[in-house]
Amino acid sequence: MPLDTAERIAGLNARYRHHGATAVLEHALRDREVGRVALVSSFGAESVVLLHLLSVISPHTPVLFIDTQMLFAQTLAYQTQLAKSLYLTDIRTLRADEAAVLTQDPQGDLHKSNPDACCALRKTDVLETALSGFDAWITGRKRFQSGTRADVEFFEADAARLKINPLAHWTPEDLQDYITNNRLPRHPLVAEGYPSIGCAPCTSPVKQGEDPRAGRWRGTEKTECGIHFVNGKLTRIKQEDAA
């Protein structure tokens with residue numbers, strides 16, 4: 001990573017250290033030096049917070065939504081609902097190349113034998129291709145989500161791109177208060193015991209007392225889909241990644 005990029009990111013984090021999510025998001029969307037920006041959202045359990053903030057500041061900003069073609073029907077319906085209710089005008093639904101899926105996962109059961117390969121095929125590679133058209137991307141990463149995110153900053157380097165994390169300092173209580181105070185619709189599966197929501201075959205309900213991520217890839221050592229790169233290196237993370 002070029003020195004000027006590292007210095008620029010350090011400067012941004014110093015400038016916005018005591019600011020809130022709105023100020024960080026506004027800077028990312030209105031500073032011409034940031035360049036082309038997209039928000040990446042899973043339309044999952046907490047996604048509505050960042051999507052609502054975006055709708056207030058810049059509803060025409062591109063929102064990248066990865067349809068792995070294995071999502072819950074409720075997630076697809078929720079995505080449609082939020083797009084309409086928040087007046088988000090540029091949601092781009094991304095899917096894996098059909099030929100690649102037919103070659104690598106012809107029976108649709110790759111997730112059973114090699115979940116990492118399935119995530120790479122249906123999510124990681126798809127996002128990386130889509131981001132090639134942008135200079136920066138906005139995520140929903142937060143410090144409380146896992147030890148690997150404890151030092152997440154508002155601005156980070158992601159290979160040649162800038163990664164922006166407006167909710168980095170938010171707590172679970174902050175998220176719930178925001179949803180309640182703004183009367184935002186929740187993902188329907190949250191009420192059914194799904195605090196973290198991914199693809200249907202690899203997500204199960206969480207029992208009381210379990211870690212919120214216990215229902216993701218249950219019974220395996222896998223804990224994330226692997227779409228985050230920090231300083232050009234893949235970061236293995238344990239919490240819901242995108243907005």
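Note that Cβ sites are derived from N, Cα and C of the backbone, with glycine treated the same way.
For reference, TrEMBL has these:
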{"type": "ACT_SITE", "residues": "C225", "note": "active site, nucleophile"}
{"type": "BINDING", "residues": "C118, C119, C199, C202", "note": "[4Fe-4S] cluster binding site"}
{"type": "DOMAIN", "residues": "37-205", "note": "domain 'Phosphoadenosine phosphosulphate reductase'"}
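Most other Cβ atoms within 10 A: among the binding-site residues C119, C202, that distinction falls to C119.
Shown are the binding-site residues C118, C199; of these, the residue with the fewest other Cβ atoms within 10 Å is C199.
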